[in-house]
2 protein chains.
Amino acid sequence: MASAGESFFEGAEKLLEVWFEFDDDSLESSLRSIDRKVWEDLLKVVKCEIISRTADEDMDAYVLSESSMFVTKDRFILKTCGTTTLLYAVKPLIKLVKEKCRLKQILDIFYSRKNFSRPDLQIGMHRNFSDEVSHLDKQFRNGAAYSLGRINQDCWYLYTLDNAGVERPDQTFELLMWDMCREKMRVFTKDVSENGLDATKRSGICDIIPGAKIDEFLFEPCGYSMNGLLPGGYYITIHVTPEEEFSYVSFESNVPRESYDELVKKVLEVFRPGKFLMTIFANKASVAKDCHKEINDAESLQGYVRQDHQFCIFKNYNLTYTMYSRPIL
Amino acid sequence: MASAGESFFEGAEKLLEVWFEFDDDSLESSLRSIDRKVWEDLLKVVKCEIISRTADEDMDAYVLSESSMFVTKDRFILKTCGTTTLLYAVKPLIKLVKEKCRLKQILDIFYSRKNFSRPDLQIGMHRNFSDEVSHLDKQFRNGAAYSLGRINQDCWYLYTLDNAGVERPDQTFELLMWDMCREKMRVFTKDVSENGLDATKRSGICDIIPGAKIDEFLFEPCGYSMNGLLPGGYYITIHVTPEEEFSYVSFESNVPRESYDELVKKVLEVFRPGKFLMTIFANKASVAKDCHKEINDAESLQGYVRQDHQFCIFKNYNLTYTMYSRPIL
């Protein structure tokens, strides 16, 4: 995802998730009725483009030049790294959904990101979370902005709506990893792997959640993106920035788990980060709604030491934020 | 605490708590051996002065022109409102303790404050939490900065050290209240109360924690400050800014409680805020260490609705932050 000439690439993604409610159940009342051309135009605003598309009964999944996009009937997810300008697309997104579909209301919004390594290289409002918040506040009433973790070290920002939100079970699990194992990262270069599929197999990504329909891409000369689709409307998405000077990997999924322990273990084995942060969102109807309890009690995880742990109760969602680092021996 | 001619007064305090460890148990190895004159000089840096002093076996308590100061053998607490410049005193404080006492190390530091109503009226670094953090980061390794609550609405900032910290039981309970009941605030004016003692009685403050040795002051034409000392090294401190346009009250105490429910009830009855935030710090040895559990489960408190709830685990302390507002009928 970084080209050879660049001295730095910001792996940390901007992540937007929007839940829509429509007037009826007609064909037009679905985001999936929107033409690819319309999405392509929207992505121009963000400064990225579609590389590949896969789909199943429940969603369309796109691998982008900078990360991923997922479109279901009523949920839109856009995750973009580098110096993309994701939040500039929020207003156009809502406008196009109003035009193309029978929009009743926006049920919920989640915009989140880790603090950037080089905020100075970002464009416009993305240099600064408070500018991003001001931009979103102009479009939404009831927007609530938070920072979790240490503002002066590693932290994670969130903007969401103080709404009743999504009623059906929903959960999002993220592992954002950095200071990666050099050896593990070599797989995600053209020197070692032939193509995306080869990297998926060699890395062990194919075994993290078996049975997923995977669409992946290995960038030239290095960098990797994958989307995985699972029956029932579940997705996985992984993005790898392997360069040692700014290595970064993200794992995200909405698979429901009462405990994410096993999944964490598998992801850490594949990537071996020096540090990582874990966020888990779970609404009241989710099987994951109590998984913060075991995390509250655990001062270490798979050999990593907990640096920070915060638990938040929102109107409809519980959120845990935990940051871990490999102990210095 | 506001004079008649001012159109605005910032009631929200800056609060600094520093724990020191000394080389030995000699008389000089105590903050209480430091002369009043030295404290007075330090307070000049902060732009406030001593109004009154009281003391017991465990501590010296000072009512200041802007809030309070408490000095025990090894703990220093300074709480100042208005446009005082508290953090400018951190370096001089450490310098004077090194000079006067046999300082071994700084065990822990807590700097906290609510977001200001008018940050633009603050002086220098106090306009901005990130500037305050930069200032503290120059003096301490392992400083960790957090914001709890909504950055774009009501929030509370904290800077602390990622240290093993204080071993003996320690807890701090704070209620920061605003949008106060107009009727309740009248007691804290010279129109209604003769002096501090009169206001303490009329308001019901004397009944919040009975048995305290109270030192209070009623400002001209309005405003109130009190320090209360309890056997065993416990204190209470209350500060009232009664003006309707910017009403604000703070309650702080280190009394240990397994549950703070009863105390909250009493404080709310005395002041009837429209909104308030509650913070509870409790270290591993404190009886209050599990009190977050009942707060996690309570979506309302004494008729107030919970707006935000966050729970943090630090190396040695648990912290809960909860913000409540009166339901709009």
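From the backbone N, Cα and C atoms, a Cβ is placed for every residue, glycine too.
Listed by TrEMBL as binding substrate are B:Phe9, B:Phe219, B:Glu243; the candidate from B:Glu66, B:Glu99, B:Glu132 that the record includes in that site is B:Glu66. Of all the recorded positions in the list B:Phe219, B:His239, B:Glu243, the shortest Cα-Cα distance to B:Ser67 (active site, schiff-base intermediate with substrate) is found for B:His239. Comparing CA positions across the recorded positions B:Glu66, B:Phe219, B:His239, B:Glu243, the one lying closest to B:Cys81 (active site, proton donor) turns out to be B:Glu66. According to DSSP, B:Ser225 (active site, proton acceptor) is assigned to a strand segment.
You'll find the Cα of B:Phe219 (substrate binding site) roughly 8 Å from the Cα of B:Ser225 (active site, proton acceptor). Note on proximity: of the recorded positions B:Phe9, B:Glu66, B:Ser225, the one nearest B:His239 (active site, proton acceptor) is B:Ser225, by Cα distance. The Cβ of B:Glu243 has fewer other Cβ atoms within 10 Å than any other of the binding-site residues B:Glu66, B:Glu243.
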